[in-house]
Each structure stands twice: as C-alpha cells, then as structure tokens.
C-alpha cells in the first residue's frame, strides 16, 4: 500500500487508511490542486502571447502615437519613446505577467494573499476595467456602425446629398472631380486640378478667378462630408452636456451587438478566447500592410511619411517630449488595468513570462511605429488633395478614425472595400482589448466567489452574461446625443490618473512591502533561473520614480476638458475627478477596513498593519507540489545549492500519488508533511 502524505490542514476520516481511495477523503492539497486544474490553463503558449499582444495593442497605437510623433519632433520622438519603454514599459509588463503567473489568481485574490493590507489594489483594477469596458465598447459600437454602413455601392459619407448634411457641408477640397464637373470643367487626374474652357465674353482665367474667390470665402465655413456624417448622423451630437437627449436606437443596437460579440468570444473561457485572439492579434497587421501598400501609391504619400520620420533633434531638449513619451508607453501597453495579470494567471507555472513580456512590449512598440507609416501615408495624400501642409491636416483620436481616414477612403476607387478593411482593423484592435477588460472582471468574481460561480460549467457563462448586461445598461448614456462627452470624460479621468497610482502602488508594494529579495526567489523558482540586478533596480527605484514623474507631469499639464470647440463646464471636471478618485479609493479604504476587522484584538494598530503586510498562508503557486518546492527553497541550509530541477522533480508527485520525498532533501520539513 502506498503511504499517503498529509499536509497541516488535512483531516483523515475515522476508519480510513492512508492511501485508500474509497475511504480516504480528499486532502486539502488535493482539493486545491483540483481547483487549480478546474480553473484551466492556456491550451498553448501562443494563445497567451497573442492574448497579451491583442490586449496591449489597441486603438491608441493607431490613432494617438502617430500624432504624438508628429507633435514631438518626428523621428526624434522614437528616442525618448524607446528609452521609456525599457525603463517603465517592459518592467511593468513583466511584473504583472510574473505575479499573475506565480499566484494563478485574479487581480483581487492576488493582492489579498500576496500583501493583504493592499487588497484594495486589486479592487482598483477591477473597477478600472469595469468602467473602461463600458466606454471602450462604445467606440467598438461606433466602429460596427461604420462597418455595416460600408456594405453599400458607395460609402454614405462621400457626398452631402443626405438629410444629415447641413448647409455648410461640402467636400474638404472644393476643387475635386465632382465640383469641377458641376462647374463645366475637366478634371486633370495627373495634376489634381480643374481645367476650364473659355466662356463667351469672359476668359477662362476670369472664371477661375471668380470661382476661386467665391469658394475661398466659403472655405472656412465648410465642413467635410465625413465630419458631418460622424457628428450629425452617427452621433447626432448635441451642443453640450446640458442637452443629453435620449438614446439613439441605432447606437443602442450596435452597442448590444458589441456586447454579444464579447459574450461569444468568452463563452468557453480562455479556450474560446485563445482562438479568437489569433484573429484579433494577427488580422490588424495584414490590413495595415495592405493599407500601407495602397497608401504609398497615392500622390503626396511620400511627403507625409517624410514628415513623420524626419527628426527634429532640438525637440529632445523639451521636458514635454519626454513626458509625452512616458505617458504613451505606459498607456499603450495597457499596464495596470489588471488584464495582463488576469491573462498570465492562466499560464502554466514554469512558463517563461520574462520572454513573453519583452515580446509583447517590443511588438507593441513596433506596431505603433508601423501604424504611423500607414497613417501618415494617407495624411500626406490628404494634404496633397487639399493643397495644404501635412501638419495642417493631422488629427488624432476619434477624429482620425471616424473623420479624417474615412474622408480619404471616400476618394479611393472601390471605396467600400477600403472602408470595410479599415474598420475591420479598428474592430479587431478594439475587441482584443475589450475581451481582456471583461475577462478581468469575470475572473475576479470567479476567484473571489469560487463556491458560487465556479460550480458547474453553466455558472461562469451566466456570470459573464450578467456582467455584459450590466455593462450594456451602464453604457446606454454613451448612446445619447451627448454620449461623446461622456466617453471623453470617462477616458480622460479613468484611464489616466487611476492607472498611474495603481502602477506606483504595485511597484512599491512588491519591492518594499512584500520584499524584492523574496520576490526574486519566487521568480527563480518559477522561471528556473536567477534574474539579473537590472529588474531589482527598475522595480525598486527607476520605474516607480518615472511613474511619479508622469503623474506630476499629467497634473501640471492638466487642461480643462474639451471636445472640438466645446469646453466642458467646471462641474464636469469635478465629476471626472470624483470618478478618478472612486477608482483608487479602495486602496486606503480596504486597508482601513482590514485593520479594523483584524481578528487579533490584542495587537496595536501598528502591529496589525505589520501583520497584514505579510503574505497569507495560502499565498504561492496553485499546485501544492510547486508550493512545497518553493518552501523547500526557503528552508535550504545556508550555502546549499540544490538545482531547481532536483527540487521540482522531488516534489512533482507529492500531492498526486502520496509519496513524500521532501525529508530526503531537508529533514526539518518532516513536521510539515507528517501531521494529519
């Protein structure tokens, strides 16, 4: 008969013999191993890699980075950007990937066991992901609106003969082929000019001069068809927050469809998500390549690309350039949302998450740079058509995705095809990030309340549906005529200051509270090799310092919120600050509650704080064999240098087949494996 190994919390039922499968109840170790197995793992390493890449690479890589590059010295901006990527970006991705993989838990449970006093950090990530998911999916809903509208013979924003067009609607370039024809001219495709014949009693020059004068006077009052389509039809935007209006049924349906897509992508947990991310992570690069090939064939594209990459070295002396680079790196990688921790929690314990972190960070960086070539190629073409400087037509954010780029697409042959490709790319970028946000919320609930939501295969799906329904209802305010203002407010305050405070807390807690030396040993056991001193310096000093610097920079650089020509009233900014405050208040609030509810009433407040800074007894790897191996590493006699593989092999089956080999390595562990 095989002798059964029992751990400290295990109970042997009366009349049962150790090792008897019929009479022996499952030990605590076996139960925890079973829970870890039921939680699941990625079916392959590439599933996790593509999930992280899809989550990190989002809309900001396409519609914000190119603009920042243009505004901060062109190609010279890449120097501070890469510098900040190495000092802040990669360390934050690695720290989140590593702690998620080590604990195999969601964001709340990770901090609850790692440093109980700072459990609120996990709840902050939960709230940020929940709130961000609400407005982020609204952007996806707009994209679906455009995608559906693109399935037509002609894209609807190509001309102004529509009910949504105002009297000032007109082509951005008044001398385009249609206007030229309407004025009895001939359009020269080579020179992009309108040629006129002489009229009776007046020279062609006089006609052209008068026509130019009339059109120039009207130019400032004109708005492009794509601009009018977006604001007057898609958004039906009001004149301010004081006039919200009712939800628009078209946007409500698109938002509902967006949440249905999220449910389908996550219906079978990480198994279905792992398949979806192959599309959401790879498809954007295919479309970007197609759009780049098409873009460089357009007249003026070279001027746009040169404008993008030409370095202005003197700009590197500006603190704002370095500040913008740090902010972009931090937010571009989607660090501190909780998504990276959640995705890594489904990794196998000995996965090389350092390699993965570097891969994701480099992939995100290269995507931003590559996307800039695509965007500036078409912006160069747009400047050529408008007879303006490239700098005068550069846009960022929603203005680029839903106004500027559609305007260019409308001028291309077979415009619906290019529109479909472009919005499919935007859609895949958005969905990849959105499912990561929703997965964070769902995994948190599953790990905090496992006995409620992990029972059976149906309950996790029902939980997902409930989360999506609640988020859909919360997002209905974004479908109103004033919904764009709500999106701007939520994006500015939720996805900025809160994330910086969370990131700073992560670094400080792991380095100074949990202990960087202890964490290094955790990583040594998990990865199978010792980390260099580089990461210790980054996590303890450089990265937190940079995050504080970014936080100060964003506060100093704070400006009253606006959208286009509308400036938000002061009370709106106050509401925004309250939203940001709500996202981070769990850090001190949960800490105070935990101190007040500490079970040992004999301790002083300071003693309770110190006790809550220690990891809980449940902290560590999910599989009990891995946890025992980690304990053995701590108990190793001074000077002992036993290879990690030897320890792992010795403990591999300890919780599975009842054998106990730990005492053969360290006799002082007998007490931990012999008690019932």
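Indices start at 1 and increase along the chain as displayed.
Each residue, glycine too, has its Cβ placed from N, Cα and C.
TrEMBL annotations: computationally assigned, not manually curated.
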According to TrEMBL, 56, 57, 61, 429 bind Na(+); which one of 150, 158, 332 is annotated to that same site?
332
Looking at the ranges 227-248, 249-270, 601-622, which is given as transmembrane segment in TrEMBL?
249-270
So which range, 186-206, 396-416, 417-437, gets flagged transmembrane segment in TrEMBL?
417-437
For the record in TrEMBL, which of the ranges 122-148, 635-661 is the transmembrane segment one?
122-148
Name the residue range among 28-45, 46-63, 100-117 that TrEMBL annotates as transmembrane segment.
46-63
Which has the fewest other Cβ atoms within 10 Å: 57, 160, the recorded positions listed?
160
State the Cα to Cα distance, in Å, between residue 332 (Na(+) binding site) and residue 160 (disulfide bond), rounded to an integer.
36
Mark yes when the transmembrane segment (122-148) and the transmembrane segment (537-556) have three or more Cβ pairs under 8 Å (sequence separation 6 or more) and no when they do not.
no
Cβ pairs under 8 Å with the transmembrane segment (249-270): which stretch of 46-63, 75-95, 122-148, 576-597 has the most?
122-148
Could you measure between residue 429 (Na(+) binding site) and residue 160 (disulfide bond) for me? Cα positions, answer in whole angstrom.
30
Including all protein chains shown, what's the count of other C-beta atoms within 10 A of the C-beta of residue 332 (Na(+) binding site)?
23
Do any residues of this chain, six or more beyond the ends of the transmembrane segment (497-516), have a C-beta under 8 angstroms from a C-beta of it, and if so which?
91-92, 95-96, 99, 111, 114-115, 117-118, 121, 124-125, 128, 330-331, 335-337, 536, 539-540, 543-544, 547-548, 550-551, 554-555, 580, 583-584, 587, 613, 615
Would you mind pulling the DSSP three-state label for residue 61 (Na(+) binding site)?
helix
Take the C-beta pairs under 8 A between the transmembrane segment (458-477) and each of 46-63, 122-148, 282-309, 329-346, 417-437. Which stretch has the highest count?
122-148
